Amino acid sequence: AALREGYEHFDPRAYLRNNYLPPRADFSSEEFVVPWKLRCLAETFASGEIRGRTLIDVGSGPTIYQLLSACDHFEEIVATDYLAVNREELGRWARGEPGAFDWSPFIQHVCKIEGRGEPWQDKQRRLRERLRRILPIDVHRPEPLGAPLRPPADALLSAFCLEAVSPDRAAFVRALAHVGNLLRPGGHALLLGALGESFYLAGPARLPVVPLEESDVREALAAAGFALRELRSYAMPPALRTGVDDVDGVFFAHAQK
């Protein structure tokens, strides 16, 4: 209940300013956190192993960067978020409305690291075409979408959601198991998340986060029925500790149900 009340004050634009503009979204070097996240996703999707009909993005927030490498490998991408303000922000971008957040530097960077010489506008158009549904979700329910996904998703992606909406590690594990219900057996799960973070700011909202270590991520995935394939971590450098959170680092996990 306290978490829900806190999220009533969540400001999507403040969150985007804090995390997806410079200094954190600086594409001049792989040392910065946003290029690191994009490379983790690009390299994992480049294997060609993670593909299929449907990918579901759990807790998309107001962001689409996490879907840029995924959109080449799925017929449909389903974005989800608990907050209507985030779903509205996503819808504005998907429809190409004036005033939507400008993700073009991210799209250009992903095209560059994928190295296919593709015009970034083509990737943007493809993601908009494949982002067909933006749905409400509650990861604390056994059926997070209110009903089973039919057919189950071939892959699951979630970035900075579960640890930020769970009051403790046990709730984090349960939420991971709940979203796993959306995935077919053998399906892949890609997670990005915070390490050692206890809070973050989004305008007037100060949101609590479950502080995780790498070992917590490993144990939670195993407890929720996933086999870990890869785990990478990034240490947040002093220049990117801007006061909008107390994050120590970021993890990227690839697991399979």
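Backbone N, Cα and C define each Cβ position, glycine as well.
Annotated features in TrEMBL:
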BINDING   TYR15, TYR20, GLY59, SER60, TYR65, ASP81, ASN86, ASP138, VAL139  S-adenosyl-L-methionine binding site
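Here the binding-site residues are TYR15, TYR65, and the one with the most other Cβ atoms within 10 Å of its Cβ is TYR15. With TYR15, TYR20, GLY59, SER60, TYR65, ASP81, ASN86, ASP138, VAL139 listed as the residues that bind S-adenosyl-L-methionine, the site has a largest C-alpha separation of 24 Å.
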